[in-house]
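Undergrad: Dumping the structure here so I can ask a few things about it.
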Amino acid sequence: MGINVRVLVILLLLVFGYVFYIGASTSPIIVFVFSVCIVSFLLSIYLTKWVLSKDEGPPEMSQISEAIRDGAEGFFRTQYGTISKMALLLALVILSIYLFRNTTPQQESSGLGRATSAYITVAAFLLGALCSGVAGYVGMWVSVRANVRVSSAARRSAREALQVAVRAGGFSALVVVGMAVIGIAILYATFYVWLGVDSPGSMKVTDLPLLLVGYGFGASFVALFAQLGGGIYTKAADVGADLVGKVEQGIPEDDPRNPAVIADLVGDNVGDCAARGADLFESIAAEIISAMILGGTMAQRCKIEDPSGFILFPLVVHSFDLVVSSIGILSIRSTRDSSVKAPIEDPMTILQKGYSVTIVLAILTFAGSTRWLLYTEQAPSAWLNFALCGLVGIITAYVFVWITKYYTDYKHEPVRTLALSSSTGHGTNIIAGVSLGLESTALPVLVISISIISAFWLGHTSGLVDETGSPTGGLFGTAVATMGMLSTAAYILTMDMFGPIADNAGGIVEMSQQPESVREITDVLDAVGNTTKATTKGFAIGSAALASFLLFSAYMDEVASFAHESFKQVDIAIPEVFIGGLLGSMLIFLFSAWACAAVGRTAQEVVKEVRRQFIERPGIMDYKEKPDYGRCVAIVASASLREMIKPGALAIVSPIVVGFLFRVLGHYTGHPLLGAKVVAALLMFATVSGILMALFLNTAGGAWDNAKKYIETGALGGKGSDSHKAAVTGDTVGDPFKDTAGPSLHVLIKMLATITLVMAPVFL
């Protein structure tokens, strides 16, 4: 922005000085977290410089890349301008609620008044929203600059193209995870110093994590609208381009004659990169905050002398995540003898090797972290139980990756069977895809169930007991398993970002009419990218399930604090509570329907525009006339911003309205906790239904996409055959499933959990 370098250095030194001052005033653990995050940011700068030092290829490639960049950045500015206005409006609502709500006994004893509590929550909400927006921008910023460099690298070798795409994704991943960790750490340390925590007559450190809930809600709010808006954009453009271009005109994917091709390539950046960056940022923030709350609660019940280790443990785990994922990213290198003529290695095998390195290191660092922070004289062997909980989470993540890969990679039977069904027509392809998606929910649910039970009982038998001798470590064990699952989040996000960058690179190669050998390389990278995207979505759903379980427990504790009475069970045999559960399940289906319908309506506008251009400009097919790419970009951008409001508003308003109405009903029927119980049921049923629906949508969509890719390799007649046309139909049906409704659902699940936690006073 033209700032003098010396001024910038001085400002950065002042910021770092402040950060380390509040860190040193809080805990040495916070200083460690700050140090690791800053080193990871420095590494991300190195990765950026390395990627940007690569050439952009011939001028025709650069021109296409610039058009994609302009479209993506223009949409991002408009979309986030809309989201920021809605965030400010919601902040005012939260402020008004907190200014008139009841206070908890903990707040009364610490002298934390309503006004202070309200301003803290609103500030945390706005900071979470801001950081989530920055995380999304970082994801998009790197992808629109790396795509053309991957295309150029593919002219030389597959391995170099893979390395450029992975390092570009690695930059984004390190920044997103580092921001989530350092944001919460700064907020925690600031509140610790400002409120004089643990000094006489002030707040206890075990109650401090509850003040961070607003941060998680802000991150969820932005992630939901980013995912909805970006998902509608990318899939409406994709569906419109495929239906007219491939099916009606018979031209290849990403052909420069297709008027919707630039809109499709822009969509990969705003839908897959920007939205996924905000999504994983929100996942990590929600998991860290919920685990800190449960760690503080358990330490308080067990009367642990120094509870800071249990509270700050999640921050340390994700600091080590940055370290081990960096090593995994840097382990992927280009070979000296690589060239275009050399046989193409399987990129998935190379990425899996990097993931294996990351997982082995994650296990070692996780065990060391538990011994460092979770050792206590009251239960000397508890740290080992919690280390095993982390191992359960890491194994769960690995199994989730494997299951999703099995159901979405065309090297395995399910996708090949789906491709075979295309040979008998469009209808059989759709039937096979729906049945594959339904079947794919079984194994993940079994894995989640086993991991929750295993982690709960490992924590339960850790030896930590409260004053009455009752075991208290069960829920914290589940929290540790969730941390284990997300302990390689930066590498997982790297693999996810690799997908849309490779997809864009393939589009640039096709549009700039590069040799077939170059397109073969980008096609292989693109197919692997589809699998890694599906894998990340499966991973995100699993972590969402565990994080929602933790946030649900935190919600029940919060209600108990406000109500001044025990709230440990929700009885669904009570008619009103059962109705709350039904409404929660209905919310998931209605939200999914509105998200898919939004893609359908916008895609219809694109189809009409593309058809119009082909009719009015017949020279397009002979390369004599140039399509009007800007018109399709404008249609999709305006429609996606308009369409994202309705499903997003449904998600925010529903739990608040339901809780308030049943609170009023409970007041008149003599059941003061009825509103809170109904919302608890809504949250439980929505979580269960949402997990199953998201698994179905993501896996079915990914399988349809790769079935099409498998046929395009030459199987079953190859491109242009009847089988291929049927597979394209399946892919267009699956597009809103896997890139709009499915990813939005797991954000919705966590946002429902955080909004009920923040809005708990409304229900009482």
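Here the Cβ of each residue, glycine as well, is placed from N, Cα and C on the backbone.
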Undergrad: State the residue range annotated as transmembrane segment by TrEMBL; the candidates are 271-289, 442-460.
TA: 442-460
Undergrad: Take the C-beta pairs under 8 A between the transmembrane segment (310-334) and each of 7-24, 208-226, 472-493, 538-556. Which stretch has the highest count?
TA: 472-493
Undergrad: Below 8 angstroms Cβ to Cβ, which residues of this chain, lying six or more residues outside the transmembrane segment (354-375), approach it?
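TA: Same-chain residues near the transmembrane segment (354-375) but 6 or more away: 29, 166, 309-310, 312-313, 316-317, 320-321, 323-325, 327-329, 331-332, 382-384, 386-387, 390-391, 394, 398, 401, 480, 483-484, 487-488, 491, 495.
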Undergrad: Which residues of the same chain, at least 6 past either end of the transmembrane segment (538-556), have a Cβ under 8 Å from a Cβ in it?
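TA: Sequence-distant neighbours of the transmembrane segment (538-556): 213, 279-280, 283, 286-287, 290-291, 293-294, 393, 396-397, 400-401, 403-404, 444, 447-448, 451-452, 475, 478-479, 481-482, 485-486, 492, 567-568, 680, 683-684, 687, 690-691, 694-695, 698-699, 743, 746-747, 749-750, 752-754, 756-757, 760.
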Undergrad: Does the transmembrane segment (208-226) come near the transmembrane segment (442-460), with 3+ Cβ pairs under 8 Å (pairs 6 or more apart)?
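TA: They do not touch: fewer than three Cβ pairs between the two stretches lie under 8 Å.
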Undergrad: Can you work out which residues elsewhere in the same chain, 6+ from the ends of the transmembrane segment (30-52), have a Cβ less than 8 Å from its Cβ atoms?
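TA: Same-chain contacts beyond the flanks: 16, 19-20, 22-24, 142, 145-146, 149, 164, 167-168, 170-171, 174-175, 177-178, 181-182, 185, 188-189, 312, 315-316, 319-320, 322-323, 326, 329.
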